[in-house]
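Take a look at the structure below.
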Ligand SMILES: *Cc1c(COP(=O)(O)O)cnc(C)c1O
Ligand code: SF4
């Protein structure tokens with residue numbers, strides 16, 4: 001549901017629209033590198049296994065089955081950080097479907113967060129009093145197997161100009177909302193023209209203070225952090241917060257650090273959210289190293305999400321007692337400001353719910 005179409009349709013629409021009426025020859029703008037990397041992402045189980053030197057047996061059968069439920073998608077800059085030949089690589093685990101995905105487990109459901117019920121206006125999800133999520137695009141640069149949105153009906157959230165108008169009207173009429181969160185999909189999978197338009201519209205809503213962006217793109221494709229992104233970010237009057245999504249310290253390579261540092265220089269506050277995932281980061285050492293690595297890169301740990309019982313992702317489940325014990329151990333190893341808050345999103349709650 002997240003990525004059914006080839007990447008960056010919006011970009012192509014904008015650059016290939018025929019020049020109207022006049023003799024002016026419109027030279028299409030070159031596609032940015034990040035969009036090429038998005039559309040050249042690995043999108044088949046066979047290709048992913050081959051790229052990492054993994055044998056067809058026993059991996060292909062499960063990978064194909066999972067791919068049929070939620071397609072494989074992983075861009076090259078992320079693949080480069082994986083260890084070839086290692087089926088347990090913590091980055092590979094996040095993107096390679098296993099046969100377990102096709103096993104149904106009782107209690108694992110399609111919409112564990114009840115988001116379907118929180119849609120306020122097309123594209124606007126509001127559960128908490130002072131902040132609202134704006135679903136800028138349904139696309140993602142990477143498909144994470146544990147994603148709680150893997151079953152989300154994204155097709156229904158494509159925003160027309162009328163929808164956009166309606167979103168701004170709703171925000172203007174809601175003075176208690178002071179922060180808009182660009183979400184998705186991955187909001188930075190949208191092109192900068194669209195995002196700049198949104199940012200300009202939000203600037204006109206007087207009671208808004210902050211623009212927050214929840215995105216995995218600066219990590220997955222660091223080339224996404226380019227001049228045109230930094231330009232519209234810097235031009236907005238709102239304070240900017242970017243919450244990246246990093247689950248394992250090996251996700252932070254040199255290019256990612258550079259991208260994050262450019263964002264910081266542009267005045268963006270950087271936070272990280274992770275999901276606790278079996279076989280990826282369910283050890284105190286890994287989580288401690290993640291926090292240390294994030295801080296070195298100028299990113300503050302924010303949330304550690306307790307596992308949500310998403311259909312097809314039960315093999316990542318870490319139970320709450322284990323998660324709590326891990327965080328208690330983290331508290332003994334790290335300064336308080338490097339310990340993320342262990343939380344869960346519960347349908348109907350007025351905020352995230354702390355587990356400790
Ligand atoms: C998580 C979430 C937010 C942001 O919550 P914070 O605690 O401010 O990070 C806002 N809206 C929805 C629907 C959310 O799920
Ligand atoms: S976890 Fe984020 S980046 Fe990954 S598939 Fe889900 S929404 Fe997309």
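Quick reminder: no glycine exception, Cβ is built from N, Cα and C everywhere.
Taken from TrEMBL, the feature region 'Disordered' applies to 1-27.
Positions annotated as compositional bias 'Polar residues' by TrEMBL: 16-25.
According to TrEMBL, the feature domain 'Radical SAM core' maps to 126-341.
What TrEMBL lists as [4Fe-4S] cluster binding site is 140, 144, 147. Other Cβ atoms within 10 Å of the Cβ of residue 147 ([4Fe-4S] cluster binding site), summed over all protein chains shown, number 21.
Marked as N6-(pyridoxal phosphate)lysine by TrEMBL: 352. For residue 352 (N6-(pyridoxal phosphate)lysine), applying a Cβ distance below 8 Å and a minimum sequence separation of six or more within one chain yields 303, 341, 343, 344, 345.
Ranking the binding-site residues 140, 144 by how many other Cβ atoms lie within 10 angstroms of each Cβ puts 144 at the bottom.
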